[in-house]
Amino acid sequence: MTRHFLRDDDLSPAEQVEVLDLAAKLKRDRFSARPLAGPQTVAVMFDKTSTRTRLSFATGIADLGGNPLIIQAGESQVGAKESLADTARVMERMLAAIVWRTFAHSGLEELVDGTRIPVVNALSDDVHPCQTLADLQTVRERKGRTAGLTMSFFGDGASNMAHSSLLGGVTAGMRVRIAAPAGYTPDPRFVADAEAIAARTGGSVLVTADPGEAAAGADVIVTDTWVSMGKEDEKAERIAVFGDYAVNAGTLRLADPAAIFLHCLPAYRGLEVSAYVIDGPQSVVWDEAENRLHAQKALLTWLLAKNREDAV
């Protein structure tokens, strides 16, 4: 059966470790894996604009010996004049894998149903699993482990980053806290899934409206923009609602003294995070951004290897 990566929990805890171990290896020896030599082509499709996702996937695919085919919104008929399943059947005849940054998660699921090559979710409205892999790689670099650590997310608990922090964090054995106001809490489906995983890994889940409760003793502090793509018309309302959830010096005072700060970027200083935090010594956001490259290379290498094993 073809392996895909649409959600963080598409990797078991042991598989997540395999990918993160490989990511560390590829960071040390950038060109040691060449699974796309030929070169084979990987389509990288964007329905949403991107900087880090395009940079990291295009560079990573080239590092792996492949050819990145960048398809921007409006440059193809994906999802327009034929079913995604039909498009997928054509794509699998020419490509080694498909990477898609899109809106509705259901589109990814439909694409998967029609293809026998790996599909990677480069971001959907539901989750952002490639980012969380990079986050976990960064945590391992700075803390030496993930299991038993507390990771606290502040802000829009219904966002894709909050959902992926939940799923990816508990898969890694972390205690995950989400601090969010009423009306912006995580989708109950993701909370239930995360709790089920945590019961097996020793992690835990806490959803709270109290940012102080989430910050207390935390090892990893995470936030994201308050105004995601597609939410621009809610900007004023969101800034007012999330004001108490800004990450600032007070947040760090409550956290563990050795806590690190993560943000997937772009960041808006003075809104979700203060300049004191993101530009300070506890911020690891630039390492985190670089690790998108290494984590995604490891993921693609792992998926291609698994699918070749299954084909034998």
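Each residue, glycine too, has its Cβ placed from N, Cα and C.
Model, not experiment: these values are computed from the prediction.
Checking the candidates ASN121, ASN160, ASN307 against Swiss-Prot: the one annotated together with ASP224, SER228, MET229 at the L-ornithine site is ASN160. Proximity of MET229 (L-ornithine binding site) to non-local residues of its own chain (separation of 6 or more, Cβ distance below 8 Å) is seen for LYS48, THR49, given in sequence order. Taking CA atoms as the reference points, ARG292 (carbamoyl phosphate binding site) and ASP224 (L-ornithine binding site) are 16 Å apart. Sparsest Cβ environment among the binding-site residues ARG52, HIS128, ARG292 (other Cβ atoms counted within 10 Å): ARG52.
Within 10 Å of the C-beta of CYS264 (carbamoyl phosphate binding site) we count 26 further C-beta atoms, all protein chains included. ASP224 (L-ornithine binding site): 24 other CB atoms within 10 A of its CB, across all protein chains.
For the pair formed by CYS130 (carbamoyl phosphate binding site) and ASN160 (L-ornithine binding site), distance between Cα atoms is given as 11 Å, rounded to the nearest Å.
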